[in-house]
Amino acid sequence: MDLEFGRGLRSPKRDSWKTTLLLAYQSLGVVYGDLSISPLYVYKSTFAEDIQHSETNEEIFGVLSFVFWTLTLIPLIKYVSIVLRADDNGEGGTFALYSLICRHANVSLLPNRQIADEELSTYKLECPPEITDKSRIKVWLEKHRKLRIALLIMVMIGTCMVIGDGVLTPAISVFSAVSGLEFSLSKDHREYAVIPITCVILAFLFALQHYGTHRVGFLFAPIVLAWLFCMSAVGLYNIIHWNPQVYQALNPYYMFKFLKKTRKYGWMSLGGILLCMTGSEAMFADLGHFSYSAIQLAFTCLVYPALILAYMGQAAYLSKHHDFYSSSQVGFYIAVPDKIRWPVLVLAILASVVGSQAIISGTFSIINQSQSLSCFPRVKVVHTSEKIHGQIYIPEINWMLMILCIAVTVGFRDTKHMGNASGLAVITVMLVTTFLTSLVIVLCWHRPPLLAFAFLLFFGSIEALYFSASLIKFLEGAWLPILLAFILMAVMLVWHYTTIKKYEFDLHNKVTLEWLLALGDKLGMVRVPGIGLVYTDLTSGVPANFSRFVTNLPAFHRVLVFVCVKSVPVPHVLNAERYLIGRVGPPGHRSYRCIVRYGYRDVHQDVDSFETELVETLATFIKLDASYRCSEASDPDELTEAMVEPAGERERRLTVIASSNTLRHRASYDLQDSARHSSPASTTVEMRATGAMAAGDGDDGAAAEISPEKKQVRFFIDSHVASPDATGSGKQVEEELEALVAAREAGTAFILGHSHVQCKPGSSVLKRLAVDVGYNFLRRNCRGPDVALRVPPASLLEVGMVYVL
């Protein structure tokens, strides 16, 4: 068992205490790097210009009280005690909350939902459907499409702010750590040292991303651990040496005194105080790599006490020192003793690099999730580990983040503007999480709406106060995350809208199987050797681009497979449940449909392993289908039903086929319409289970041998494939398997649609800008579907298709 593989794929048994301790140790380097370096810049950002540190100490004690209660209420109570429990099969983050809501209420805008998806092991519901249906909020959300669109837009806003935080957090973290050099350099040399050193460290950090975080996880954890102990020791020293009575500032009365004295400027300074909880969202977003108990243990027993001691130590030192040249010197390093300032400086720079790594990895992860839900243009996703699930690297995003981070550092050049920008991004994500969690409380946990409203009102009010204080700093740096979010939102909305419209166009222009079969006699269709994989977004019917292909070139492969790669609203799909296989036409036509289902955190296979598994599952399906038809033939009633069953009904019957090394089983679904639209008034979907039967261990039918040199699958057909009572069926199965083997050895062609999108005449100017300009620009300059599906160029066959939307 891999310790970082994710709770969603580990055994449902509780982890042992040794495993929990090891996971808690590893989480320090991945989850808490960002949160642990916040003392570097919180006080410096708070006292930048809005308030002054006076000799009465009311300002510093008020800020300390705000910091203490903010850390207690938001990271400790909200996230550790409540939000971390809203996991999606062990996964966390904004899309995990949205996935939970989509499973318990029909609010998803993706139109390719199937009833078979609800039978997945990871598609679990908290309560039976009859209880879920009683929720008025659920009915209300499903009834109004505008509310579902608003919900998706809110998720997109949270996603955009996370990406924006991936730009701002590395810049402010590394810059704040390097700024400790100011105490060792003259004023003339600071400008020529701090900024260049920060940019070099950032460039080095992003250059290391392609190695993956799993290779440096054990290296990062001791750095953060040493930094936490260093902060605690320095803070404890300052408390004892300068002001042992500083604990009195934890009284919330000091917050009231602070606001009463500073008034408007005190409220504006809250934009700096909220930076103390920067990185709290990482506890939830990285939940899938660890476990709830490990993250809870690390935060409550180590991170939280260390942060409180660090902030109290700084306040104790500042309460006895008021002779600063400017309020901007009210920072972390001023409270560090001179003898250990250099070692602390080096450790702080290392810790800032670790903290930046956490948010960069989270940015890669959330972009990958957005891409799986058709909310982001296709990008190249590199999986940096074969053993550890979810460790990814996206080259294009990595270099864009590096350029933007360096630009922010060179452009702002101070902690104040960086803090204002980072604070707005952080608090916006937290507000989105609070709203989505309140929906989870009602729709998924089935708690009273009053309880969800209390959660939303209490934590939402606190975060709204901080949000308002950040938003007022619009001209002082807060404009940057808003600008980034606006650009990213435009990209995501244009891509998502056009993708759905293209799917609806395909759905309305698909052709029937009867049309395809009748066309073969008219055009003199030729079947050429090999396997043709026709990629389509449709889960039923023949796509229009394939009909255009065969009408212009009346030839296609002897084995034809319509492949639909789709994402389902679960984090992971087990290999045993990944493939849905069905026939397209009679057995002699050698045409099949294969729906490959992935979760939003699943690793897409490379083309070689995909071809191997696809041929294996087709062989298994052929055997099971023959067995099923034999059982139908033994029952007169079912035989009569099968004789009158039209071709379209046979096409809609799909079978779950397990992968090669697991128990193969059959669970067949009859789908009246396999595409279920998001509208609650859409066509109903009916499922009929036809039983399950084991297919043996592979020796009873078609055993597979993989040649490592040619990466081909060779099948050895057993003469006892079928039942002894059905020799005719056994001969037919043998012929079908031999045809599959011969086609596989002849080669595989990947047939993809090369689409061009344009608006209908008379469309609005906004639609023309979005589709004709925006989408086509993204399509031309982003990765194509062949890269996302890992199709080899030598086997690629593209069919041009014009979509008029």
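Just so you know, glycine gets a Cβ as well, placed from its N, Cα and C.
Features of the protein shown, as given by TrEMBL:
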- 23-517: domain 'K+ potassium transporter integral membrane' (DOMAIN)
- 529-804: domain 'K+ potassium transporter C-terminal' (DOMAIN)
- 21-40: transmembrane segment (TRANSMEM)
- 60-77: transmembrane segment (TRANSMEM)
- 149-172: transmembrane segment (TRANSMEM)
- 192-211: transmembrane segment (TRANSMEM)
- 218-240: transmembrane segment (TRANSMEM)
- 265-285: transmembrane segment (TRANSMEM)
- 297-317: transmembrane segment (TRANSMEM)
- 342-367: transmembrane segment (TRANSMEM)
- 388-412: transmembrane segment (TRANSMEM)
- 424-443: transmembrane segment (TRANSMEM)
- 450-472: transmembrane segment (TRANSMEM)
- 478-497: transmembrane segment (TRANSMEM)
Run the contact check on the transmembrane segment (450-472) against the transmembrane segment (60-77): 3 or more C-beta pairs under 8 Å, excluding pairs closer than 6 in sequence.
yes
With pairs restricted to those 6 or more apart in sequence, evaluate whether the transmembrane segment (342-367) and the transmembrane segment (388-412) have 3+ C-beta pairs under 8 Å.
yes
Could you tell me whether the transmembrane segment (297-317) and the transmembrane segment (192-211) have 3+ CB pairs under 8 A, leaving out pairs under 6 positions apart?
no
Lying 6 or more residues past either end of the transmembrane segment (478-497) yet within Cβ distance under 8 Å of it, the residues of that chain are 109, 152-153, 156-157, 159-161, 163-165, 167-168, 271, 370, 374-377, 404, 408, 420-425, 428, 470-471, 770-771, 774-775, 778
Are the transmembrane segment (60-77) and the transmembrane segment (388-412) close enough that 3 or more Cβ pairs fall under 8 Å, when only pairs 6 or more apart in sequence count?
no
At a Cβ cut-off of 8 Å, and with pairs 6 or more apart in sequence only, do we get at least 3 pairs between the transmembrane segment (149-172) and the transmembrane segment (297-317), yes or no?
no
